[in-house]
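Following: one structure in structure tokens, then a few remarks.
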Amino acid sequence: MWTLAVVFGSAALAGLITIIVKTVPHHHHPHPPPDNYTIALHKALMFFNAQRSGPLPKHNNVSWRGNSGLKDGLSDPAVHRSLVGGYYDAGDAIKFNFPASFAMTMLSWSVIEYSAKYEAVGELAHVRQIIKWGADYLLKTFNSSADTIDRITAQVGAGDTSGGSMPNDHYCWMRPEDIDYPRPVYECDSCSDLAAEMAAALAAASIVFKDSEAYSRKLVHGASTVWNFARLQRARYSSSGSDPAKFYNSTSYWDEFVWGGSWMYLATGNSSYLQLTTNPKMAKHAGAFWGGPDYGVLSWDNKLPGAQVLLSRLRLFLSPGYPYEEILRTFHNQTDIVMCSFLPVFKSFNRTKGGLIQLNHGRSQPLQYVVNAAFLAVVYSDYLEAVDTPGWYCGPNFFPTSALRDFAKTQIDYILGKNPQKMSYVVGFGDRYPKHVHHRGASIPKNGINYGCKGGWKWRDTKNPNPNTIVGAMVAGPDRHDGFHDVRTNYNYTEPTLAGNAGLVAVLVALSGEGSGVDKNSIFSAVPPLFPAPPPPPSPWSP
């Protein structure tokens with residue numbers, strides 16, 4: 001009887017507790033609303049979906065885009081192999097490998113450092129898909145299964161209109177899906193800058209995809225092949241004055257050697273790459289010691305500032321010492337100087353009255369340089385904080401790491417609408433943004449009509465807003481007086497680019513969410529221990 005009483009009593013008590021728990025109201029603390037940087041990040045990534053070439057994936061989520069460029073490479077009798085895929089560069093349908101490779105490298109760098117942030121906002125799978133789409137195309141542009149090659153593809157499509165009325169990607173104004181004119185392929189057999197940047201892109205992507213061993217190995221092999229080609233055939237890819245030189249002219253290949261060699265070392269752990277990138281002669285050729293007006297300005301043409309930040313990370317986190325220390329210390333010191341130059345107190349660069357830093361000295365299309373600098377500032381501040389360093393010196397003056405984040409925030413806030421125009425320069429963000437973006441696909445309605453090469457000119461020249469919103473596109477930006485003309489035919493104001501949006505995505509994810517912090521170790525996953533293992537302890541002493 002006692003046993004039964006205890007059992008029934010316990011059951012009754014448990015039931016009573018359950019009823020109380022279910023009836024007492026629960027106070028769930030809702031997640032805070034996403035900040036502006038997170039909202040803008042979601043949109044900025046969508047730009048890459050709108051730029052895809054080839055057969056589009058099922059869930060591309062850009063309703064006005066369709067399959068395009070399905071004969072690229074195959075229709076050029078001199079090449080006759082598939083170059084289907086990749087990304088269109090800007091408002092045209094040309095595929096430029098040089099800036100596209102830089103864009104993929106920047107996106108991969110941001111994922112390696114901030115994968116947790118991407119995951120927190122539900123964009124990690126998306127950005128990995130974007131990188132893979134670009135990397136898969138780059139592997140098509142040379143014989144990536146071979147160990148040695150003698151040529152690579154530099155460009156698909158043509159933009160030079162000096163030849164008159166010959167249809168091409170700049171003369172015509174057509175949706176990419178409707179293109180019916182020949183699209184030539186430009187190849188090069190001596191193009192160190194392009195090949196080294198492609199190696200950087202593939203090497204960085206291999207770290208992003210290290211969880212997929214076979215694919216990561218494939219990327220590393222392709223990177224090694226194209227890197228060896230870069231080192232053996234020394235020349236600028238644009239030196240011949242061909243079509244690529246008119247739009248993305250490279251000024252040097254030495255900065256790509258330092259940048260690409262850094263990524264090759266991080267992807268493989270092979271110390272020969274680190275020996276090369278820290279060779280004083282290499283640094284000298286890359287312009288590390290002579291400054292100049294564009295010193296410290298990271299862009300699709302100048303990779304040295306990015307390489308210096310990357311190698312400063314190596315010194316801060318791993319401190320490899322001799323024989324690398326001399327140049328690593330130099331790069332680290334120069335990175336500090338570059339960071340000082342971004343601060344308004346030093347006036348190294350002019351600023352507009354609205355506060356936008358003029359990294360390209362008042363020339364057009366400024367925003368692509370601003371977002372890159374803002375990313376470098378945030379990621380470097382996160383590096384310092386990760387090693388418990390509260391700031392850095394600019395001469396005798398000490399500045400906290402928060403100064404770098406403040407710089408980045410003021411610049412990105414300007415881009416997102418805190419400017420004299422009260423306009424967001426990221427399409428789809430905020431209430432007021434450009435409506436006449438210089439972009440063929442966005443400006444022509446998807447209505448089943450092929451308007452032809454010149455028939456599309458009416459959509460180019462109309463003053464009506466674009467019928468399609470190219471969400472997330474960061475346009476070229478305002479002039480040095482904070483002025484902006486939302487005019488479709490003026491690409492210096494309204495044209496977006498892959499390289500520009502890659503820098504935007506990188507800095508947005510770095511600023512997004514609460515707190516800060518990089519992944520300390522993933523970037524070094526392939527790097528072996530830099531020092532020999534200590535000997536085992538002696539056996540216990542016995543009398």
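Note: Cβ is positioned from N, Cα and C throughout, glycine not excepted.
The active site annotation in TrEMBL covers His438 (among others). Of all Cβ atoms in the protein chains displayed, 25 besides its own lie within 10 Å of the Cβ of His438 (active site).
The annotation active site is assigned in TrEMBL to Asp486 (among others). Non-local neighbourhood of Asp486 (active site): Pro434, Lys435, His436, Tyr493, Thr494, each in the same chain, at least six residues away, with C-beta under 8 Å from its C-beta.
The Cβ neighbour count for Glu495 (active site), using a 10 Å radius and every protein chain shown, is 20. Annotation comment: TrEMBL describes Glu495 (among others) as active site.
Under the heading domain 'Glycoside hydrolase family 9', TrEMBL lists 37-508.
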For the domain 'Glycoside hydrolase family 9' (37-508), the mean pLDDT of the predicted model: 96
Inter-residue C-alpha distance, His438 (active site) and Glu495 (active site) (nearest angstrom): 5
